[in-house]
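Asker: Mind having a look at this structure? Questions to follow.
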Amino acid sequence: MAISDVPESPGTTVTAITTTTTVGTDSDLSRSSLRRRHSATADFDGQSSPDELAGDFGFSDSLNGKSNEEEDKDNEKKKKKQQHATGDNTIHDDSGDRERVSNVKFTYRPYVPAHRRIKESPLSSDNIFRQSHAGLFNLCIVVLVAVNSRLIIENIMKYGWLIKYGFWFSSKSLRDWPLFMCCLSLAIFPLAAFIVEKLAYQKCIAEPVVVLLHITITSAAFVYPVLVILRCDSAFVSGATLMLLTCIVWLKLVSYAHTNYDMRAITVSNEKGETLPNTLNMEYPYSVSFNSLAYFMVAPTLCYQPSYPRTPSVRKGWVVRQLVKLIIFTGVMGFIIEQYMNPIVQNSQHPLKGNLLYAVERVLKLSVPNVYVWLCMFYCFFHLWLNILAELLRFGDREFYKDWWNAKTVEEYWRMWNMPVHKWMVRHIYFPCIRLGLSKHVATLFAFLVSAVFHELCIAIPCHMFKLWAFIGIMFQVPLVLITNYLQNKYKNSMVGNMIFWFIFCIFGQPMCVLLYYHDLMNRKGKLD
């Protein structure tokens with residue numbers, strides 16, 4: 001028996017086996033059993049079983065002295081025996097043992113090549129992102145839990161229990177009842193917008209009057225809560241909650257008015273017989289329904305449309321599990337704020353007025369608990385709360401975020417971080433600016449400007465001061481977009497932009513804003529006292 005290497009294709013070599021026999025050895029060959037077992041489970045190279053490799057290397061069924069039909073019959077008999085087995089796995093047939101020994105004898109031979117392809121190590125730079133790292137991810141979670149558990153125990157042993165029982169509720173919270181009543185009265189403005197749209201649908205008022213009325217309604221819906229917060233000496237959490245709800249109502253009212261205005265314009269063009277592109281064909285007929293508006297005002301979206309994709313039913317057990325998670329992670333977030341962030345902030349100085357080295361140390365120390373709080377906030381609001389609301393309302397489109405943690409540029413982050421706001425910006429800010437003849441860069445800058453204004457108002461109004469730190473932080477994203485886009489174009493397939501994003505947002509940006517607003521707020525209270 002001679003072995004020769006025959007090249008099958010460039011870069012690969014297949015071992016061919018040639019058999020040299022004499023007349024006197026035919027009987028010995030006929031007595032050899034080289035049958036293949038289809039039940040073999042071991043794979044060679046992750047692709048072929050040993051039996052398949054035996055066939056590849058010359059062990060064909062023709063050497064068994066049996067035809068393919070006889071082999072198939074034997075396989076069928078074996079299957080029937082397996083199906084009618086009674087579970088006595090301890091009894092083995094001697095012929096079966098001899099057959100397995102024969103398989104091992106002729107399959108696992110030293111001449112079978114162990115290396116057949118060019119392969120990379122799993123952690124090599126060319127192969128690392130093609131592998132599954134679930135085990136390493138589990139290890140990171142275990143280590144993270146162990147390390148943080150030790151730090152929590154050490155912190156409690158050193159400083160004691162720092163959580164105040166008035167964190168959740170106190171008698172002073174009763175003074176915020178004007179904010180609660182203002183929150184309930186916000187429903188008046190969607191009702192007013194519906195009446196205006198109903199009159200416009202019935203053609204009782206002219207289009208310029210409709211636009212003027214919507215501007216008045218949306219402006220009042222924003223100014224009214226602001227005045228209530230500024231007139232009342234309420235807690236920051238209460239004021240921030242009302243401001244967040246006010247911004248949501250304002251964005252929804254703008255989308256409702258803008259969408260109906262566009263649908264009326266297309267309907268009028270169709271009535272006049274004008275030829276419109278296929279892209280302007282409305283998927284839903286133009287109509288004004290109170291049920292559609294009421295559903296839109298509570299749905300987890302900021303973009304109005306007459307109908308939404310709906311799920312068939314509500315999973316009650318799933319909702320209960322998500323509510324339990326929401327309670328747990330909200331408690332974790334409150335624990336980190338009270339036990340870690342408050343002492344760090346209280347023992348710090350104003351970052352722009354004290355020692356620079358000390359300010360850097362405070363920012364870096366605050367960055368770790370700030371990251372935990374930020375991730376808990378994202379998980380609680382964007383994943384748990386919005387999905388719970390969507391499940392209760394059977395709202396189908398639940399893409400509330402994308403994989404923003406993999407963003408390679410700041411621009412990608414803002415496109416994937418908050419999908420409801422992103423879709424609203426694209427629909428009602430970006431493309432209307434493009435249709436007005438503005439360039440893409442100007443439209444993007446205007447979208448960032450609107451976002452910066454709302455971020456500043458949501459923080460400054462509950463704090464009763466305007467320092468523009470949030471506004472500057474958002475507008476600072478514009479040059480970061482240009483820088484990270486340049487780096488991504490220059491260094492293809494790199495994570496430089498992703499590292500810059502994590503550093504700017506989590507290590508430097510957010511802790512710096514927390515320190516700035518805290519000390520400015522404390523200085524304001526000190527002057528008032």
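The backbone N, Cα and C atoms fix where each Cβ goes, glycine too.
Per TrEMBL, region 'Disordered' is recorded for 1-97. Residues annotated as compositional bias 'Low complexity' in TrEMBL: 11-32. For 136-157, 177-196, 208-230, 236-254, 323-341, 371-393, 442-462, 468-487, 499-519, the entry in TrEMBL reads transmembrane segment. Per TrEMBL, the feature active site maps to His455.
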Asker: What residues, ordered by sequence, lie under 8 A Cβ-to-Cβ from His455 (active site) and sit at least six positions away in the same chain?
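Answerer: Listed in sequence order, they are Ala470, Phe471, Gly473, Ile474.
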Asker: Taking 177-196, 208-230, 236-254, 442-462, 499-519 as candidates, which has the most Cβ pairs under 8 Å with the transmembrane segment (371-393)?
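Answerer: Stretch with the highest Cβ contact count: 499-519.
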Asker: Restricting to the same chain and to residues at least six past its boundaries, which positions have a Cβ under 8 Å from a Cβ of the transmembrane segment (442-462)?
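Answerer: Contacts with the transmembrane segment (442-462): 226, 229-230, 234, 236, 238-240, 242-244, 247, 421, 425, 429-431, 433-434, 468-471, 473-475, 477-478, 481, 517.
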Asker: Excluding the flanking five residues on each side, which residues at least 6 beyond the ends of the transmembrane segment (208-230) place their CB within less than 8 Å of a CB in that stretch?
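Answerer: Beyond its ends, the transmembrane segment (208-230) has Cβ neighbours at 178-179, 182-183, 185-186, 189, 192-193, 196-197, 199-200, 239, 242-243, 245-247, 249-250, 253-254, 257, 261, 457, 461-462, 464.
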